[in-house]
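Colleague: Starting off with a structure, shown below.
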2 protein chains.
Amino acid sequence: MPLRKSWVESANSAQTDFPLNNLPYGVFDAGEGSMPRCGVAIGDMIFDLCKAEGDGLVDLGGAPVFDVPHWNDVMELGPEAWADLRSQVTALLAEGAEPLPGHLVAQADVTMMMPITVAEYTDFYAGRHHAFNVGSIFRGPENALPPNWLSIPIGYNGRASSVVVSGTDVRRPWGQLRAPDAELPVFAPCRRFDLELEMGAIIGQASDRPVTVQEADDMIFGYVLLNDWSARDIQAWEYQPLGPFQAKATATTISPWIVTKAALAPFRTATPERERELLPYLREPGPMLYDVDLEVALAPEGGAETTISRTNFRELYYSAAQQLAHHTTSGCPMRVGDLLGSGTISGTAKDSRGSLLELSWSGQEPLTLPGGETRSFLEDGDTLTLRGAAQGDGYRVGFGACTGKVIAALDDPYAR
Amino acid sequence: MPLRKSWVESANSAQTDFPLNNLPYGVFDAGEGSMPRCGVAIGDMIFDLCKAEGDGLVDLGGAPVFDVPHWNDVMELGPEAWADLRSQVTALLAEGAEPLPGHLVAQADVTMMMPITVAEYTDFYAGRHHAFNVGSIFRGPENALPPNWLSIPIGYNGRASSVVVSGTDVRRPWGQLRAPDAELPVFAPCRRFDLELEMGAIIGQASDRPVTVQEADDMIFGYVLLNDWSARDIQAWEYQPLGPFQAKATATTISPWIVTKAALAPFRTATPERERELLPYLREPGPMLYDVDLEVALAPEGGAETTISRTNFRELYYSAAQQLAHHTTSGCPMRVGDLLGSGTISGTAKDSRGSLLELSWSGQEPLTLPGGETRSFLEDGDTLTLRGAAQGDGYRVGFGACTGKVIAALDDPYAR
C-alpha cells in the first residue's frame, strides 16, 4: 500500500510519522480553558474529534465519546466501531475531501496527555535476546534462559498508577540496596537506574474467560512505545522469591499516540521460529508481530542526543496476542484499558540491546558518548527518548516520541 | 471498653460480630428494583445509609456519598470525615436514640456486594511462620527464609480485576503444569488448588510520595478477611524469575464488611520482636497490628464444616502500615481503593497454618476430615470459609464470613 494523501499538506511527506495511513489516537490539552479531549494526529496537526463530533462530522452511533480525556469509551464500543471510526476519519482527512482547517490544532501548540485510563498494567519478559543477555550476566550463558522461558510468555503484574505519558520527568527512586560485599541493605537513592525499550499493547475489549490467540489479537486496540524504567539495584535485592516490585514502580512512560492495529496491518510478521514447540493454546493462527524499527536516544543534561540502540519489534519471541492469551488461562478477567508491556526488545547485535544493563553489560563495558562522557546506568539530567516507525512504500507509520528526563532523587523522602 | 448497647436488640449479644462497637461498612443489594448502596451492619440487620442520607439523618457535608455501590467516595473525604461518620452513626444507633426501624434491612434478605472498587491489588508475604514453612518445604529449614525477608515486607502486584466478594464461586483454573519427573509442561486443570488465609487492608487515601509508617497507618480505612486462592502447581512452574502470575489470578475473595481502624483500635498490638533491626523507614511508631482471632473452615460438597486452622492476625511480622510505607519508597503512587493482602497468616502450631500447602506439608501429610475424607489440596465442591473476630470485654468485633466454593474446571476452556 502506498502513501495515501491528505488535504493536510504536512501529512504527505515520506518523513512524517503521521500520514493518512496512520491516524493514531491521542488526548490533547490545548489550554486556554478548553478541556482535554480526543484527537487524531495527521502530519504535524491534530484533528479535533471532540469538535468534529459536536459538529456532526463524526458519529459513532449515539452518545459523545470524544469529549473525555481518554479513549476507553471508544474502546468499549468494540472492533466494529473502531473500523467505522477509522473509515470516517480517513474519508474526512483524505485528499479531495472538503478541508476543515478550523478543526485542526498544531501539535506544537498542545500538551499531550495519557491517551487511556490504564485499568491494569502487566509487564512481560518476552524478548529472547534480552532474556538471554540478562540471564548470561547473572547466571552465565549456559543457564541464561529459565526452564519455563520457551514455554511461557513470562509476565508479572505492574503498577497502573505509575504509568505516565511521554514528557513526564522521572524522579530517581529511593530503595533498599545491598552492596555486593555487604550482608545487609541500606536505604538510599538508586544507583543503577535504567531504561527498558518496550512496546505497549492496549487492550480494548474485556474478557472473563480464557481466550484463544486469535481472540486475543481481536481484543487489542493498538500499540504505544513504552519505557519500563528499572532500578536494577533495588530489583536485585528485592526480587526473590516473588518478583520485581518497587524496582518497577517509580514510573513507566508511554508515548501519547495509540497506533491502531489497523494502521499496522501492512507490517504484520510472524514471531521467530520456535525453539521448543508451543502448547496448542499459544500457537499463532497468523502473523501477529509487527515490523517496526525502534531506537533509543540519550541526551545528557544540556548535551546533544545520541542513539544508543536500534532494534525492531519483530525481535520478540511472543506476540502481544500470545501474551494476552496466556494472561487469561487462569480465568483472570481482562478489562478495557489494560496495558501489556512487551518486555525489553533487544536484537542480537551489541548496539541493538534495549537496556543499559545489557548495553554496558552490567557496568563492565560502559558506553562512551560523543562528548566523552560514559554511561553504565542513567545519570540525573539524562533525557531518554524512544522512537519507532514501520516503513512503508514512500511513507512511515510512526509512533512519535516517548521521552522522559531523569531528575535527582529527593534529598530526604520524608521531609515535609 | 465494654459492649456499647444499641436499640437494635440483636446487636447487644456477646456473640454477634456486629455490636455498636463495630459498625462495619458494606454495600448491599436488597433486590426489588433498588440499587446497590452503602450500609452499616448492626447485629443481624443493616442500617441503610443511603436512605438515612436522603432523610437528612446522616450528612458528610455536601454531595451524597452513600447512593453508590462502593465506599470509595467516603474514603476520598479523608480521616476527619471517617471519624465524623462513625460518630453520627454511633449516635443514631445507640440505646436511647429514637429507633429507626424503617431504616433497617435484615442481613438475611440482601445480597452483599463488593464494598469498594478495587483500584489496585498488592499481595504481601509478611507472615514469618508461613514464609518459614513454605521455604522449608521447598528449600529445607536451613534456607527457608530468603536473605531479604527480615529486611523487606516482600510483596508483588496482584490483579485487581480478580478480586471478588464472599459468596462468589471460584472455578478451578487451567494452566501450565509440569509433573515432578517431566521436562516439559502440559496445559491442564490445576491439581494443587489452595487457599491462603490473609487479611486485606483497604487504602482510603492517595499519596504520590514515600510515606512514613505513621502516615501509612493514617491512610488505612479498614480491614477485611481475604482468601488468596492459589494454584500451587501453576505457580511452581511459572514463578521464576518474575514471581507468581496466573497462579494467583483466578480469584481473591474478600469479606463484604470493612471493619474500620476505629473499631479495631482497642485491639492494637505491636508486631513481634525483630530478629534483625529494621531500616529506620520501616520502624513502627506504635502498635499497628491487631489481636484478631482467625479461622479457616472447610466443608466438602454436601458435608459438614470442619475448622482446619486457627490463628491470629498478630502473627504477622510486618503490619499493613509497614507494608504500605515500603510500597511507596520508590515513589509508587497509591490510590484510594488500593487493597493490600497481608500474606498468609500461619502460627507456630501445626493446626494454625493458613494454607493447605502447609497443613498437608505439600501433600505429604494429608488432612483427614471427620467423614474420613482426606485433603492435600482443594477438591471440587469444597466450600472454604474464613472467619475472624477481635474479642472485647463481653463483645466481639467480627468480620463476618469470607466464603467461596470451588467449582469444577471447564471441560474445554476454548469451547464457545
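Backbone N, Cα and C atoms are what each Cβ position is placed from, and that goes for glycine too.
The structure displayed is predicted, hence computed values, not measured ones.
For reference, TrEMBL lists these features for the protein:
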DOMAIN    A:21-115  domain 'Fumarylacetoacetase N-terminal'
DOMAIN    A:122-404  domain 'Fumarylacetoacetase-like C-terminal'
BINDING   A:Asp123, A:Glu196, A:Glu198, A:Asp228  Ca(2+) binding site
BINDING   A:Tyr125, A:Arg139, A:Gln235, A:Tyr239, A:Thr344  substrate binding site
ACT_SITE  A:His130  active site, proton acceptor
BINDING   A:Asp228, A:Lys248, A:Thr252  Mg(2+) binding site
Colleague: Taking the recorded Ca(2+) site as A:Asp123, A:Glu196, A:Glu198, A:Asp228, identify the other residues of that chain whose CB atom sits within 8 Å of the mean position of the site's CB atoms, giving them in sequence order.
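Modeller: Close Cβ neighbours, site residues excluded: A:Leu197, A:Leu226, A:Asn227, A:Ser230, A:Lys248, A:Thr252, A:Gly341, A:Ser342, A:Gly343, A:Thr344.
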Colleague: Pull the DSSP breakdown for the domain 'Fumarylacetoacetase N-terminal' (A:21-115) and write it out as helix, strand, coil residue counts.
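Modeller: Counts, helix then strand then coil: 33 helix, 22 strand, 40 coil.
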Colleague: Going by C-alpha distance, which of the recorded positions A:His130, A:Tyr239, A:Lys248, A:Thr252, A:Thr344 is nearest to A:Asp228 (Ca(2+) binding site)?
Modeller: A:Thr252
Colleague: Please give me the recorded positions out of A:His130, A:Arg139, A:Glu198, A:Gln235 that lie within 10 Å of A:Lys248 (Mg(2+) binding site), comparing Cα atoms only.
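Modeller: If one measures from the Cα of A:Lys248 (Mg(2+) binding site), the recorded positions that come within 10 Å are A:Gln235.
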Colleague: Considering only the binding-site residues A:Asp123, A:Arg139, A:Glu198, A:Tyr239, A:Thr252, which residue has the minimal Cα-Cα separation from the residue listed as 'active site, proton acceptor'?
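Modeller: Nearest in space to the residue listed as 'active site, proton acceptor', counting only the binding-site residues, is A:Glu198.
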Colleague: Compute the centroid of the Cβ atoms of A:Asp228, A:Lys248, A:Thr252, then list the same-chain residues not in that set whose Cβ lies within 8 Å of it, in sequence order, for the Mg(2+) site.
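Modeller: What remains near the Cβ centre is A:Tyr121, A:Asp123, A:Gly158, A:Ser162, A:Glu196, A:Leu226, A:Asn227, A:Trp229, A:Ser230, A:Ala249, A:Ala251, A:Gly341.
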Colleague: Under 8 Å Cβ to Cβ from A:Asp123 (Ca(2+) binding site), same chain, six or more residues apart: give me those in sequence order, or none if nothing qualifies.
Modeller: A:Gly155, A:Tyr156, A:Asn157, A:Gly158, A:Glu198, A:Asp228, A:Lys248, A:Thr252, A:Leu340, A:Gly341, A:Gly343
Colleague: What is the maximum Cα to Cα distance, in Å and rounded to a whole number, among the residues A:Tyr125, A:Arg139, A:Gln235, A:Tyr239, A:Thr344 annotated as binding substrate?
Modeller: 18
Colleague: Give the sequence-ordered list of residues that share a chain with A:Tyr239 (substrate binding site), lie 6 or more positions from it, and have CB atoms under 8 Å from its CB.
Modeller: A:Phe245, A:Ala247
Colleague: Would you mind listing, in sequence order, the residues at least six apart from A:Gln235 (substrate binding site) in the same chain with a Cβ closer than 8 Å to its Cβ?
Modeller: A:Pro244, A:Ala247, A:Lys248
Colleague: Round to the nearest Å and give the CA-to-CA distance linking A:Thr344 (substrate binding site) with A:Glu196 (Ca(2+) binding site).
Modeller: 5
Colleague: Among the binding-site residues A:Glu198, A:Asp228, which residue has the largest number of other Cβ atoms within 10 Å of its own Cβ?
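Modeller: Going through A:Glu198, A:Asp228 one by one, the largest Cβ count within 10 Å is at A:Glu198.
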Colleague: Which residue, of the binding-site residues A:Arg139, A:Lys248, has its CB surrounded by the fewest other CB atoms within 10 A?
Modeller: A:Arg139
